[in-house]
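J.: Please find one structure pasted underneath; my questions will follow.
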Amino acid sequence: MKVIVFAYHEIGYIGLSCLIKLGFKVLSVITHIDDHASEKIFFSSVKKKSLKHKIPVFYPKNINNLKWIDYLSKLKPDIIFSFYYRKILSEDILKIPKLGSFNLHGSLLPKYRGCSPLNWVLINGEKTTGVTLHRMTKKIDHGSILSQYSIKIEEKDTSKSLYKKLCYASMYILNKTLPMILKNKINEIDCTDDFSSYFHKRYPKDGLIDWNQSANNIYNLIRALTKPWPGAFSYLFDKKIIIWKSKISFESYKTPGTILNFNPLIISCKKKSLEILSAQYTECNILNKRNIENISRIKGKKLIIKNIKSFKNLKKILILGVNGFIGYHITNLLLKYNNYKIYGIDIKNNLVKSFIGNEKFCFIKGDIKQYYNWVKKKIKKCDIILPLIAIARPMQYIKNPLKVFKIDFEENLKIIRYCVKYKKRIIFPSTSEVYGMCKDDYFDEENSNLVTGAIKNQRWIYSSSKQLLDRIIWAYGVKNNLNFTIFRPFNWIGPGLDDFKIAEKQNARVTTQIIFNLINGLPVTIVNNGNQKRCFTDIDDGIEALFEIIKNKNNKCNKKIINIGNPHNEYTIMQLTKIIINIIYSNNRNYNFPKFSGFNMLSGTNYYGEGYQDIDRRKPNIDIAKKLLNWTPKTKIRITLRKIINFFINNNTS
């Protein structure tokens, strides 16, 4: 059987070796250059193995161009195999072989699709992982499964020890499955999306330790990134300290990052503490506690291990409404990077409590009307202004329209004018509601009409306030050269959207309200038969897009309006409700929820009050987001709903 092999790293070497041993005819090998300058080479060379067996071997920069597609096509392979090759193969390449293309992935698919599953499973504290041989399709790691092998993750496993286990598992699965493929006996099962997850590529900078995490979380990060990977790190006296090995200690809690003891070296975390067993400070290896005292000359001093060198070069971001749904999630992401200093204000702090004490987070609890001098100074000081203060619950549009106008329009207009005055970049959260009753199949930022209802229908106060602010920002951009990006979220949902205190008053947004009623044995209220269609977007997908707007690579987002939504997650409210019911009661044996109490069917007027008008559907065109942000939403509705339900179960039930 004739095959082409894409391979790299130790598992790539194992895959190629197994094919040669079993008698496959390897026509060509595509690999990467063994670059000692850019990474530590601790694995066997696929290139050398190929040359030893006189197999043509190449390492192209762009395997998907026409030259290489033509070369591979002329070889006429029966199968393409990919073993830890680092580039995505185009559909044109995948369809070349007669029997298909197969990939060996380092996780138990559909869990941990994407990059760096070895590191991610350790970071997330998983107990099992494995390897999967699967068919390659246009969608990454979605093809049908030929074979899987499960591996137990021990508490003391590190990236190195787990990688060895993955190598043995790869050898086992290939020796078991390849002979069947050689006989053209390929048995496959579907790779469903149930319990699927996707993780992005990790970079050395992602190893920055956040001491506001628990000791357990930091321990997992350290063992996931230890040698031969670049390591988890922090800063001591403005010099990097890389921590290679640790164990959890039970010292009393102090400010996270405080060195509690030198012999042994113990550093406090948000919960418990870490004893450092091995570390590297500048060019010196720290293998004992006396060594660190001599290196840093800090014996007897109280000091903090810092997350960053200095704040001078950090991009400063002011987030108004930082404790809200979007504010919390974007802050959580930004603080994981070494590039941002966050200034935030909100009337509550329940979500951002865990950030307080972080040197990169400055928080004021209060109303912006009472702290306007502070807000004004921070607008003048910061690089980016993100005004997230708004009332965004439909019940309030009807009951308190003037309050909605006061907060959503008047307060935000002041912020916009300060941004004009001080020449600051503003990233403004518009809303999908500005499209109103638009009849387009897909709502387009540049061409769709914005259609609202009669004046007596007060539910449009929110949409109209946001639309007018969009127009004002645009005008300031034209006349005063205001640097802005407007983003329009389409039904972002996830943990923390609303809390149960709001749901107790039957005043929460639809997802939270449905879950609350079901968990508490209350009838689920369905408005206008639940035929309204919405496109639901996972908060992590939305935040990923917002993060790209903040980074603004090559200034692509300047003076742009960008829809951020998931057009593939379109469901009626009734369909959404039935999915939630299915998820909740499939877990009922674990939580003993009350029996389903049925539906309470109401008209919009009876539920919200006079002045309500429904919107049948809103579906985004996300071509601009794809182009400018290189972003597409990935998360399916069931995965998002499971996260929300688990969040509420863990935080609101005994």
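The count begins at 1 with the first shown residue.
From the backbone N, Cα and C atoms, a Cβ is placed for every residue, glycine too.
When I checked Swiss-Prot for this same protein, it listed these features:
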- H105: active site, proton donor (ACT_SITE)
- E433: active site, proton acceptor (ACT_SITE)
- R618: active site, proton donor (ACT_SITE)
- T137, K138, K139, I140, D141: (6R)-10-formyltetrahydrofolate binding site (BINDING)
- D346, D367, I368: NAD(+) binding site (BINDING)
- A392, Y397, T431, S432, R459, N491, Q532, K533, R534, Y612: UDP-alpha-D-glucuronate binding site (BINDING)
- 1-303: region 'Formyltransferase ArnAFT' (REGION)
- 313-654: region 'Dehydrogenase ArnADH' (REGION)
- N103: site 'Transition state stabilizer' (SITE)
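Please situate the listed features within the shown structure.
T.: For H105 (active site, proton donor), other Cβ atoms within 10 Å of its Cβ number 25.
Secondary structure from DSSP puts E433 (active site, proton acceptor) in a helix.
Under the DSSP three-state reduction, R618 (active site, proton donor) is assigned to strand. The 10 Å shell around the Cβ of R618 (active site, proton donor) contains 25 further Cβ atoms across the protein chains shown.
For T137 ((6R)-10-formyltetrahydrofolate binding site), applying a Cβ distance below 8 Å and a minimum sequence separation of six or more within one chain yields L94, G143.
D346 (NAD(+) binding site) is surrounded by 24 other CB atoms, counting those within 10 A of its CB over all protein chains shown.
When other Cβ atoms within 10 Å of the Cβ of T431 (UDP-alpha-D-glucuronate binding site) are tallied across all protein chains shown, the result is 21.
Long-range Cβ proximity for N103 (site 'Transition state stabilizer'), meaning a same-chain Cβ under 8 A and a gap of 6 or more residues, is found for F81, S82, F83, L133, H134, R135, M136, D141, G143. Secondary structure at N103 (site 'Transition state stabilizer'), taken from DSSP and collapsed to helix, strand or coil, is strand.
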J.: Please identify, from the recorded positions D367, E433, the residue with the sparsest Cβ neighbourhood, meaning fewest other Cβ atoms within 10 angstroms.
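T.: Looking at the recorded positions D367, E433, the Cβ with the fewest others within 10 Å is that of D367.
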J.: Going by C-alpha distance, which of the recorded positions K139, A392, E433, R459, R534 is nearest to D367 (NAD(+) binding site)?
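T.: In terms of Cα distance, D367 (NAD(+) binding site) lies closest to A392.
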J.: Would you mind pulling the longest C-alpha to C-alpha span across D346, D367, I368, which the record has binding NAD(+), in angstrom?
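T.: So the maximum pairwise Cα distance among the NAD(+) binders is 8 Å.
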J.: For the binding-site residues listed here (I140, I368), tell me which residue's CB has the most neighbouring CB atoms inside 10 Å.
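T.: Result of the Cβ crowding comparison: I368.
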J.: Tell me the Cβ neighbour count for K138 ((6R)-10-formyltetrahydrofolate binding site), meaning other Cβ atoms within 10 Å of its Cβ, over all protein chains shown.
T.: 12
J.: Within 10 Å of the Cβ of Q532 (UDP-alpha-D-glucuronate binding site), how many other Cβ atoms can you find? Include all protein chains, please.
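T.: Its Cβ shell of radius 10 Å holds 19 other Cβ atoms.
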J.: According to DSSP, folded down to helix, strand and coil, what is R534 (UDP-alpha-D-glucuronate binding site)?
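T.: The three-state answer is strand.
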J.: Long-range same-chain neighbours of R534 (UDP-alpha-D-glucuronate binding site), Cβ under 8 Å, sequence gap at least 6?
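T.: Long-range Cβ contacts: F490, N491, E570, Y571, T572, I573, L576, R617, R618.
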